[in-house]
Amino acid sequence: MDCEKIEIYHEKQKLQFCLLHALNNLLQHQEAFTRARLNEIAEKLVLDDPSKQTWTPLSIVFKPHHNSFTGNYDINVLIAALEEKDKTVVWHDRRNAASTIDLDGPDDSLFGIVLNVPVRRYAGLWKSRHWIAMRKIGGVWYNLDSDLSKPGIFEDTEEVRGFLDFVISHGGEVLLVMNKKE
């Protein structure tokens with residue numbers, strides 16, 4: 001690793017906006033996405049859906065792709081948002097170990113990793129899912145989880161693979177964020 005100090009951008013968790021934080025952490029920019037932009041993407045997904053759901057009074061809060069008050073965006077918003085940044089999302093087949101992911105490949109292919117993990121909060125009374133970004137910056141892999149007080153640093157790719165295998169074995173999903181090929 002370089003002797004230069006690399007500054008890592010890291011947003012911390014607010015409400016259930018973990019997808020917003022994960023995207024900004026992944027892209028290493030404070031306003032790569034805003035809450036307003038993710039809401040626009042979620043609304044566009046609803047308009048573009050050929051099987052539109054019937055409106056109910058609860059539709060004001062519980063929208064198909066996000067919760068209006070808390071955030072909590074779904075995978076469709078993640079994919080659409082990253083497509084705006086010329087990225088594609090590849091779902092890692094959970095039947096395969098993390099050793100099948102090329103973490104050491106050229107920087108022009110794998111941009112980063114987004115995890116969706118089950119979480120329990122409030123003494124186990126609240127079950128939901130949480131978005132986490134991981135990215136290799138300056139040759140080092142970082143856990144950019146917005147629940148952490150600061151980015152976690154992985155010693156090497158074997159530690160990253162061990163972490164990913166742990167996530168998979170505990171019901172998490174691994175999404176590979178790829179740079180689009182020309």
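Numbers run from 1 along the shown chain.
Glycine residues also receive a Cβ, built from the backbone N, Cα and C atoms like all the rest.
What TrEMBL annotates here:
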- Cys18: active site (ACT_SITE)
- His130: active site (ACT_SITE)
- Asp145: active site (ACT_SITE)
- 5-182: domain 'Josephin' (DOMAIN)
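Recorded residues Cys18 (active site) and His130 (active site) have their alpha carbons 6 Å apart, per Cα-Cα distance.
Comparing His130 (active site) with Asp145 (active site), their Cα atoms are 9 Å apart once rounded. Cβ neighbour count for Cys18 (active site) (all protein chains, 10 Å cutoff from its Cβ): 27. Long-range Cβ proximity for Asp145 (active site), meaning a same-chain Cβ under 8 A and a gap of 6 or more residues, is found for His130, Ile132, Ala133, Gly152.
Mean pLDDT across the domain 'Josephin' (5-182) comes to 82 in this model.
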